[in-house]
Structure formats: structure tokens, C-alpha cells
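Notes to accompany the following structure.
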Amino acid sequence: MGRLEVLFLGLTCCLAAACAAKLGAVYTEGGFVEGVNKKLSLLGGDSVDIFKGIPFATAKTLENPQRHPGWQGTLKATNFKKRCLQATITQDNTYGQEDCLYLNIWVPQGRKQVSHNLPVMVWIYGGAFLMGSGQGANFLKNYLYDGEEIATRGNVIVVTFNYRVGPLGFLSTGDANLPGNFGLRDQHMAIAWVKRNIAAFGGDPDNITIFGESAGAASVSLQTLSPYNKGLIRRAISQSGMALSPWAIQKNPLFWAKTIAKKVGCPTEDTGKMAACLKITDPRALTLAYKLPVKKQEYPVVHYLAFIPVIDGDFIPDDPINLYNNTADIDYIAGINNMDGHLFATIDVPAVDKTKQTVTEEDFYRLVSGHTVAKGLKGAQATFDIYTESWAQDPSQENMKKTVVAFETDVLFLIPTEIALAQHKAHAKSAKTYSYLFSHPSRMPIYPKWMGADHADDLQYVFGKPFATPLGYRPQDRAVSKAMIAYWTNFARSGDPNMGNSPVPTHWYPYTLENGNYLDITKTITSASMKEHLREKFLKFWAVTFEVLPTVTGDQDTLTPPEDDSEVAPDPPSDDSQVVPVPPTDDSVEAQMPATIGF
């Protein structure tokens, strides 16, 4: 290389370095923080400022979080912090720590000046309220919830954070002694911190979108319904989960609190004494005192999700169905994956994924019965009949297995999402409502050929993995990812997924009560991807036919839990006798029927 070329290259690099904007140290309510500035090309230019591990709150065991007191000097925010204490996948050990309430920020930067007034997207992770972290799963330091691709492609600020999970996040006695919802309050504290501090990072505190998947999606829904977040949230996106999901609210927290108390040696007759004892118990012992059964359980696995949000009369003041007035001015996108129920079906009916094993009518009826306990034998039979109508014409194992997956998808995700969309639309003032179905098939080679999009399959596309790790993906995967990032970030910017900095493949029309408009997201998105009346027949069955069946009260119509086995997780209660009463209401605020959905 000649001397002139070397001089030119050196000058180019110097100019790039000089022109590249970066934040440096940022002053927050807790003190100064300094992250790292990552260049997006060798010659400089665009970059992203990354801050990892900023504390936003502190919390004692089984108590509400408090604002972080701050620090001296400049905090070097360059590494992710450990996740909140939780059980390992094998449920025989723990990892993480109690000191875990930290957040991470990605800020895209241009060439000449630091970003200003950018939309802010705050991510809430899923994991059954039992596991997870703000950075997500890690493979060779490639973290699932790395916000770089969303931030730089959509020109938005991305924030992720940790919140408490499992017993430490959601254990409740159902009264004031241990009200629960500690994990939800952690989430609220993170959102409130962003509201107070994000302007210093170049964000618009009046344009915050919260988004999440699964338990994170239900959390997003609950945060929009909680009066604590009034004025904090402008928009929301729920991917495969809502506050109305049957696994999102624990109606019998005392049952599970007593179960934990017995295992760790705390009293169970007096909730005050129980709470005092649990608060001084080794947090790891509390965490390991609960195990989610994933084999040979009597009921569908979601019935064993013990430590989840509760109606506490405060943060969640009432049944979520009664709180949709609180979302009247919050724009909303909600949707599901077309085979979201597959993950749960493989636990409840293991033969679904086994090519050499068959699913029987008895298998499916047992599954249906487990999900329709409240309506007794009539509910189980009516549900079984409508879902097996196609079996007479096509009794193949493929059809039967797809029926199992479709049923779990409907019960756990589609029906609650459709009802929530209708509630949001019916109560909207300025708010806009959008619906989608993610149908891009799973890339897992071990799955059957008929498999669609499993639970959580959408995450890799929303977080831009086909671009971050291109060797593992096809061009069609990058097309899906590009479209999702464009729709999501446009929505965060304007409240309309079609309007923003990023072009989209087709116009996404809003949801209506009459037509139930939704965007079908797959490898080719065209005008034909806008569809109506998703699974109308089954939605009508659940919202009308099933709903009007009498709720059983007699033992003859309920499933009887098997005898207790100390080696396995306890069986969920089968009736309402132990359910914690809903806070008293008057006639003006009694439980509402869902908004009418057009059929």
C-alpha cells in the first residue's frame, strides 16, 4: 500500500471517529453511568451506545421493590448482571441472585450528533413467571434479547430488565400479609425509571412502548391495566399472552403458599406468622420448594403454574376483564403464533411429537376435561365434539395430533387474545388496535413436517437474529425479521405499524369488532396476508356456546385430584372452596361480559 493510500485511510478513520456521535457518561437519578459505544462498520459512522447493568431498584425477600439509593462516582455499565434467583432447568439447583434489579439500554447513534427524542421500547421477557432474564438465553455471548438489531434498524431505544420470578416474585397468601405481585411491581419500577431517566439517553419519555412474549406478554397486558402505570405507557405489544389468559392469574394463592410453607418448615394456620417465617427463610430453599411437574401430571401443565400474578386489590385491583377502561388511550398490538400450544401439548400429550406413538380419543378427552373442569361433563363433551368433527373424515394421526395442538393453542392463547382485543377496541378512546398471527414455520428439525410456529418461535425474528447470526438463517427468515422489526418499531414511533422510518411489505389494517382483521405474518407478506375472522367457528364456540353452560358446583361434575404424593408437586384444587375472595364491589363494577365479537 502506497504512502498516499495509508495517509488517506488514516485520515478517513480519524474523520469517522470524529464524526461518530456517542453519549459518553450519562447522568441519571442514581448517578453517572458510562457504557460502551459500538461502531456498526469498520469506518465508523453509525454506532450504538450500550449500557448494561444499571440498577433501577432494590428489594428485600418477598417485599415490594424500592428506588435504588444510587452510587458514588461513575458506574461502568458494561456487563449484564446476573438474573434474578430461580431454579435451573433441571429444578434441582438454583442460579442467579437476589440482587438482580438491573436494566440494559441500547441507543442508536448517527454520524454527527447524538440521538434525541427517540421512541422507547421496553422489553418484558417470558418464562412462565418462573424463569428468564433481561438478556435472555446465551450462546457464545449471543444473547437472545440483545436489543442492537431492533435499535439500529428501527432507530428506537431498546430497554430490557430483570424482574423477580417464581416464589420470590409471586408467592402470595392472598391477603395483606403477603400480597404477592412482587415481580409485577419490579416491572413497574423499571418502566417508571425509564420514564424519569430516558431523556438523558436521547429517548422520548412520553413515547414508551412496552412489549413482551408469553408471561412477558401477559405482564405487558397487566401493566396496561394497572392504575399504577397511568401516564407511563403510550403503546403496548403482547406476543402470545394476555391478562385474560387462563395461566395469567392465580385464583388460589393461599393453597400454593401453604404448600411452600410446609416444605420449608413454616407455620400454615396463621398467614401473618407464615409470611414472617417465609421472609426469613433462605431464598434458595424457597425457590427449590416448588417444582413444576412436566411428566405424568394428572392435569394440563398450566394448572401447576403456581406462582403467577394475583388480584391483590391494589396493583391489580379487580378481575382484569373489568379494567380495560385503563387502556382507553394506549395503542395495542396483540397476536399469537399459529401453533403456540405445541410446547404445552408435548407435555400434556407426549405422543404428539412421537412419530411411532399414537394419540387416542381417550388422550384427547382427558386433555379436554382438564381444561374444562369449571363446566363439568357437559363442557368437556361439547368441547370434545366440536374439536373432533374432522376426525370422521380424516382419522389420520397427523390430523388428530394437529387437533391436540390447535385445542391447546385456542384455550391458552387464541381465545383470551381475541377477547382481550375486543375489550381493548370496545373501550378505546384515542387508542388503536391491531392483531396478527405469526405463521412462519418452526426451524426445529426434530419437529413433524406439519408443524407451524411453536411458542416463542417469533422471538428470534423480532430481535433480528437472522441478521445478527446470518449463517444460521435463510433469506426468507431475514425477510420475516425485517418485516417484524419494521412493523414493531413503526408502531412504537407513531402508533401505526405502517407509518415510520421503515418500509413495510403491505398495509396492516386495524382490528375491528365486526371483521376481526389480522395480519398473517409468514415468509411472503402481501395484501393477501390481511385476513378476517381467525378460527371464527371455535371463537364463537368458546365465547358463546361454552360460556353459557352452567358452572358446576357438585362433586359429580368435577375432576377429583389424585391422592397426594409427597414426591411430586401438589395437585391444584378442583373447586372454588379455597379461592381467595375478590375484593368487594358494588353493582356498578361487577364482572363484565366480554365485548361483543363480530361473527
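Placed from the backbone N, Cα and C atoms, the Cβ positions cover glycine too.
In Swiss-Prot this protein carries:
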{"type": "SIGNAL", "residues": "1-20", "note": "signal peptide"}
{"type": "DISULFID", "residues": "Cys84-Cys100", "note": "disulfide bond"}
{"type": "CARBOHYD", "residues": "Asn207", "note": "N-linked glycosylation site"}
{"type": "DISULFID", "residues": "Cys266-Cys277", "note": "disulfide bond"}
{"type": "CARBOHYD", "residues": "Asn325", "note": "N-linked glycosylation site"}
{"type": "ACT_SITE", "residues": "Asp340", "note": "active site, charge relay system"}
{"type": "ACT_SITE", "residues": "His455", "note": "active site, charge relay system"}
{"type": "REGION", "residues": "553-599", "note": "region 'Disordered'"}
{"type": "REGION", "residues": "559-588", "note": "region '4 X 11 AA tandem repeats, O-glycosylated region'"}
{"type": "REPEAT", "residues": "581-588", "note": "repeat '3'"}
Checklist entry - Taking DSSP three-state, what's Cys84 (disulfide bond) in: helix, strand or coil? => result strand
Next on the checklist: Validating a neighbour-count step here. Other CB atoms within 10 A of the CB of Cys84 (disulfide bond): how many?
Outcome noted: 27
Next on the checklist: Taking every protein chain in this structure into account, which of the disulfide-bonded residues Cys100, Cys266, Cys277 has the most other Cβ atoms within 10 Å of its Cβ?
Outcome noted: Cys100
Next on the checklist: Quick check for the class: what is the C-alpha distance, in angstrom and rounded, between Cys277 (disulfide bond) and Cys84 (disulfide bond)?
Outcome noted: 21
Checklist entry - Do you know offhand how many angstrom separate Asn207 (N-linked glycosylation site) and His455 (active site, charge relay system) by C-alpha? => result 29
Checklist entry - Which of the recorded positions Cys84, Cys100, His455 has its Cα closest in space to the Cα of Cys266 (disulfide bond)? => result Cys84
Checklist entry - Going by C-alpha distance, which of the recorded positions Cys100, Asn325, His455 is nearest to Asp340 (active site, charge relay system)? => result His455
Checklist outcome for this item: Here the 10 Å Cβ neighbour count for Asn325 (N-linked glycosylation site) comes out at 10
Checklist outcome for this item: Integer Å value for the Cα distance linking His455 (active site, charge relay system) with Asn325 (N-linked glycosylation site) is 29
Next on the checklist: Cα-Cα, whole number of Å: Asn325 (N-linked glycosylation site) versus Cys100 (disulfide bond)?
Outcome noted: 33
Checklist entry - In this structure, which of the recorded positions Asn207, Asp340 has the fewest other Cβ atoms within 10 Å of its Cβ? => result Asn207
